[in-house]
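S.K.: In case it's useful when we look at the structure, here is the feature table from Swiss-Prot:
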- 1-18: signal peptide (SIGNAL)
- 200: active site, proton donor (ACT_SITE)
- 228: N-linked glycosylation site (CARBOHYD)
- 288: active site, nucleophile (ACT_SITE)
- 321: N-linked glycosylation site (CARBOHYD)
- 391: N-linked glycosylation site (CARBOHYD)
- 400: N-linked glycosylation site (CARBOHYD)
- 499: N-linked glycosylation site (CARBOHYD)
- 509: N-linked glycosylation site (CARBOHYD)
- 564: N-linked glycosylation site (CARBOHYD)
- 595: N-linked glycosylation site (CARBOHYD)
């Protein structure tokens, strides 16, 4: 009897031990003995089975908003995400720009992936699912549509195609990126419910081999995504036309459409078009419902869409039991040099996206709730359905940030670009001498400026012509800018695509043999991000510079990416009262002194009195400013400021007169 009891006791201990082993979760949070999360399409509806929320199967209406993590400082993510959740959203959508995570060349290690993963985890912790758009093409009014600059080093190359060179680069990138995302799929306990294949490809081409290659790669690393709860749901996004939907159609990929506010009859028509190539009923979904629009430098005014119009369109969409993603819900900023551009004709059109990506979104660039936010919230609350396994009460809305008008502060020091060339050339990028000026890409440079330098002679023609200019050039004769006779105090510049030639005046201080120095400061104003002209290399292209009918040369090429590292090397500072070189590209320095942490808040630098250039705050490249408008201020987050002295640096490229002061306001201004 004792033996039988002992045997049963040992069996019980062994069984209990086995059960404890089975209780250990897999990577990604899945319990090996529990049913996994699932998200799939059935009978024209999204169905979700969320084990972390009771495990019941429910219809799911996606109410999503776009938030690009790369347009917002990480310290501010939780605030923006929480405000999105508090508005009633259950999902967010974001791109993953290739140039953010693999900026340094083909087959190189990825960077900033921890930031991406942290962003996705924060979204999940706040209760938001994620629609992911991993590229390889993004658009997004972002530099080169998200492609890294080095992809253009290979010429010719066909982007967004089955071109073997392009595909090999995609494979090298995705083979590193996608495995990092797999544990974060909804079926693995993460927040990712949908993954987009390419981006609005129907507006671009019909290379099915390319799309099939992308889908095969996604399935290899993220699962088959069969639409029945296995893996992740793959989808595409296109405008509501049969032609566009045909261009991106792939077997097993759920097709969605995108459009802005319009009458409900047109919305219904668009959702009918969405079903054109569907083999079974699918949920109607607008995956880019436009809450605002793009603004470009030189526009008469910033793009605006009335809050009531946006809210009515959203109400109509949700009333049809359709799902929606609002593009954008929070826009953010194009920090550094990362704004995109558009061109529908290389010879007549080049539009540059402004530094602010406010987009007239429900959350402003500084993260403030707006009239549009509350109009949208009122609509969403009509459609939030309480369930037995979730609390439909929305969280409280976080307060808006403190805004401070620091007023006018004095410029204290200045120094010329030309006195700092050796300091500013990146240690990995040396000055090169070539027969003709070479593009940025051949200098292994992504963004910023290039200075081209050569020698001319007074015997040569004074008519200078640049054969192909991308994008903006300022001419210096013996280190002095050619002044604009129409706009006093500004330098003459050549601007793509409007003008590429100039009549120069010979200087009086030439050498004995008649030689003088010619310098051209070239600015990359943002690579094209959409359309047929994506192969947008930067610099002086196609032969270089003509004096009359003669090509000039040889040339010294100085790459000037103006990174945080190179910026710290600036020296030869002079007191502003003694500075006499303001008709050259100039760095200006000022100090914003904050006595305590209570003094720190968001602020806005006014462009008043400035020309065109770049703003740096404590070494951080905040972005471009330009007096053509309609953007008139540049947002500076309190995250960039600290107690004590804060260094403000302007790199001014347009004005030929010195700058003596700058002004900080407590609100943004747009024309």
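First residue shown is number 1, and so on along the chain.
Backbone N, Cα and C atoms are what each Cβ position is placed from, and that goes for glycine too.
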S.K.: Return the single residue from the glycosylation sites list (321, 400, 499, 564, 595) that has the minimum number of other CB atoms within 10 Å.
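M.R.: Across 321, 400, 499, 564, 595, these glycosylation sites, the one with fewest Cβ atoms within 10 Å is 595.
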S.K.: What does DSSP say about residue 288 (active site, nucleophile): helix, strand or coil?
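M.R.: In the DSSP reduction, residue 288 (active site, nucleophile) maps to strand.
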S.K.: Determine, using Cα-Cα distances only, which of these glycosylation sites is closest to residue 564 (N-linked glycosylation site): 400, 499, 595.
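M.R.: Nearest candidate: 595.
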S.K.: In angstrom units, rounded to an integer, how far apart are the Cα atoms of residue 400 (N-linked glycosylation site) and residue 509 (N-linked glycosylation site)?
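M.R.: Taking the Cα atoms only, residue 400 (N-linked glycosylation site) lies 58 Å from residue 509 (N-linked glycosylation site).
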S.K.: Taking only the recorded positions 200, 288, 321, 595, which one has a CA atom nearest to the CA atom of residue 499 (N-linked glycosylation site)?
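M.R.: Nearest in space to residue 499 (N-linked glycosylation site), counting only the recorded positions, is 200.
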S.K.: Which one is closest to residue 595 (N-linked glycosylation site) in space, judged by CA to CA distance, out of the recorded positions 200, 288, 321, 509?
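M.R.: Spatially nearest to residue 595 (N-linked glycosylation site) by Cα position is 288.
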S.K.: Taking the Cα atoms as reference points, how far is residue 509 (N-linked glycosylation site) from the residue listed as 'active site, proton donor' in Å?
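M.R.: A Cα-Cα distance of 57 Å.
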S.K.: For the C-alpha pair, I'd like the distance in angstrom between the residue listed as 'active site, nucleophile' and residue 321 (N-linked glycosylation site), rounded off.
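M.R.: Roughly 16 Å, rounded to the nearest whole number.
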S.K.: Report the same-chain neighbours of residue 200 (active site, proton donor): residues 6+ apart in sequence with Cβ closer than 8 Å to its Cβ, ordered by sequence.
M.R.: 139, 237, 238, 239, 244, 248, 258
S.K.: Using DSSP, would you call residue 321 (N-linked glycosylation site) helix, strand or coil?
M.R.: coil
